[in-house]
Amino acid sequence: MTILIDRHSDQNDAGDEIVEKNQGNVKEEETELVLDAAFEAPHTNSFGHTFRDYDAESERRRGVEEFYRVNHIGQTVDFVRKMREEYRKLNRTEMSIWECCELLNEFIDESDPDLDEPQIEHLLQTAEAIRKDYPDEDWLHLTGLIHDLGKVLLHPSFGELPQWAVVGDTFPVGCAFDESIVHHKYFKENPDYDNLSYNTKYGIYTEDCGLDNVLMSWGHDDYMYLVAKENQTTLPSAGLFIIRYHSFYALHKSEAYKHLMNNEDRENMNWLKVFNKYDLYSKSKVRINVEDVKPYYLSLINKYFPAKLKW
């Protein structure tokens, strides 16, 4: 597996790296990973439908739409700030990464139209697919394993939050809700929708402010990001970026909210695009033997995390 990065770098007066790619007379400020990975995405999910088709007639379609209706009404600036303040204390429990993986066996994501397997199956499918194509990027293997661990917020010992406050596509709050967000129509019932401070393009933010300064809708992505960061993981910044924004489909599928990104975000975005192929399309009925792969992932956990984490 090789990763070729086609780029020409320069720096501005502040020392920030500016990446340029020339194609004829066209100049783009981005870095592109040119990949020759072996993973081939299937054409259909485990239900026989195309991936992320929220209109396909299936036994889960109506439930998924109702999930997003409640989600879009409840994810306000005030709610997000309250959740971040409460959960960043990390005073719920102490446990290892692997113990958290085992907790997720009890849950199925109600927002996902492609998957109805316990979460541990999806984590291992994602991680093993990445490991096959990127054998030398062990941090990316581990990111695949842990990216959804924040879903323990569904567990009684973590407050047993409702699914709409834990899973589903994420998006910024404090600025206008982009129309590319799935089931956008339900935002009209959100209290922030008509708030003049929140319903403009920039809202409470400024151009190029950096996603780290943006309030994202509350859920497992932001929670696991806080857990990893506060427990001083040694994962690279790209790993933390993937954990926090892997459900931010309005950005990485529709390129909405790019005006809020800074140079570091744009660099890390390349790895998120790599990751998303495995996160989305590895959802299948292929089973992973947990005991066979467990020793390898335990070694990665020991490399990048303390033995016990505060949650």
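Any Cβ shown, glycine's included, is placed from N, Cα and C.
TrEMBL has this to say about the protein:
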- Arg52, Asp109, Glu110, Ser111, Lys151, Gly168, Asp169, His246, Ser247: substrate binding site (BINDING)
- His122, His147, Asp148, His246, Asp279: Fe cation 1 binding site (BINDING)
- His220: Fe cation 2 binding site (BINDING)
- 1-11: compositional bias 'Basic and acidic residues' (COMPBIAS)
- 1-25: region 'Disordered' (REGION)
Distant-in-sequence Cβ neighbours of His220 (Fe cation 2 binding site), under 8 Å, six or more positions away:
Asp148, Leu149, Gly150, Lys151, Val152, Leu153, Val166, Val167
Taking only C-alpha atoms and a 10 A limit, tell me which of His122, His147, His246, Asp279 are near Asp169 (substrate binding site). These are the binding-site residues.
His246
Cβ-based neighbourhood (8 Å from the centroid) of the Fe cation 1 site, residues His122, His147, Asp148, His246, Asp279 excluded
Leu123, Thr126, Gly144, Ser247
Cα of His147 (Fe cation 1 binding site) to Cα of Ser247 (substrate binding site), in Å and rounded, measures 10
Sequence-ordered list of residues in the chain of Ser247 (substrate binding site) that lie 6 or more positions away and have a Cβ within less than 8 Å of its Cβ, or none, is Gly168, Asp169, Thr170, Gly219, Asp221
Give the sequence-ordered list of residues that share a chain with His246 (Fe cation 1 binding site), lie 6 or more positions from it, and have CB atoms under 8 Å from its CB.
His147, Asp221, Leu272, Phe275, Asn276, Asp279
